[in-house]
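Q: After the structure tokens below, expect a handful of questions from me.
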């Protein structure tokens, strides 16, 4: 069953129905747009929420970042951020696959419907025009036939009139004959117009309009089918990201299971352990024997009171002396001459100044009435020093080791930069058309200065680390420095350098790394590249290639314009990055 057969006379109904269908598509598109806005706002709020509680995400060195509970919270925030990204993806996919696609399809349907309705209107106008011609010929035939009848009656009346002349009779007969002839022509024209109209009317109701109605029916069915697909996409768009959303939620669950309370407790110990020894028992001071004897006796013994911590541990933070544990003047022992600090413990505390004896004599005079205000100064944090001497021994060693690692990384980066500049200069010297070697002089000089500066800092911090290593457990630590040839120098745990590790500034900073190349031959390729131009590879360390040749990428461009590649036969070397198109493995 189709509209052309069953609804041949329901033009207005079909027009309204198709218009209503298009309006439904528009309404659905508007609904999906509002849904995407909700998703986008939801994702935005989630991202802002994650950002609000993830203020320290760029501060990797924060102490709390080492706690599993804190790290799991950061993982939770990251997963929530990824979850927000999936909500944004839902909105984007809905906008692309439903809103934009349906809107475009809707415009096509509107244009197609408009075309069919115009065809129907033209057919109807043509039928109406034919009907007007039929009606006009019919009225003309009716008018002429009446005139012919009147003319015939007049001729007959004239012929019977005895007073009429023969000429009048002939004239009346001729007039009647002419009118009859015109009426006959109008009759034939009317018959022809009637036949034409009937034919067009049959064509209109049995062919033209049913065909147009069937086309409109097909249009409406396609519209319904497309709308149904849009309904399905509304669900499938979210279903497609549900596995990823599930992974985000699994990641949050995993973050919760990764929390290790025992490990966090150990981190607290590691971060806060001072390395100090616990204070011993205070000795009884018998002031009844006199001040001189008390001071003399105390000067012969090893100080064990709280102030002895000052002499033993230099200018440290005295968190042991809190407001809840103030010592009364009667419990404060007299100051005695402190033992000379060992070289491993560094320089003497600034509390004693340059003359420890005079300082102690002054303190002996104040033994009877010590000033409690002096302990307030012990709670003040000392000034931060470059060698981290203001920290407890354990924390100082950790900070020094951390600083050494940072310097080593920076030094390695500068050595790599120096190596790259040296290779580039060598290429420029052998291939002047590629660049001017003199243009690299300033960069090479700056890199050399940076390397020397970092070496100086490395030696300085190694000395401090060796010094800090004598304040507790033996610290086993090895650092690597680099000479101008890129060779690795290993420092012993005590910070001393071997003779072979002495850098030679006179050596070229861009010498070849033959040993390194041999070690890296087994490196797995990270991608492929295709040569766009020929490259002669005349310089040492480079490799020739032909246009269209495919090579394996061993090392990416580090910013110097060169990429390391390998042939199938094992030959390796550097080529200009701009000469190839690179596709890395995922």
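Cβ atoms here come from the backbone N, Cα and C positions, even for glycine.
No curator has checked TrEMBL annotations; they are predicted automatically.
The compositional bias 'Basic and acidic residues' feature in TrEMBL is assigned to 488-500. Residues annotated as domain 'REM-1' in TrEMBL: 390-467. The feature domain 'SH3' is assigned by TrEMBL to 524-585. The region 'Disordered' feature in TrEMBL is assigned to 327-356, 484-506.
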Q: How many helix, strand and coil residues does the domain 'REM-1' (390-467) contain under DSSP?
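A: In the domain 'REM-1' (390-467), the DSSP-based counts are 72 helix, 0 strand, 6 coil.
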Q: What is the pLDDT of the domain 'SH3' (524-585) when averaged and given as a whole number?
A: 87
Q: In the domain 'SH3' (524-585), how many residues does DSSP put in helix, strand and coil?
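A: Counting residues per DSSP class in the domain 'SH3' (524-585), I get 3 helix, 29 strand, 30 coil.
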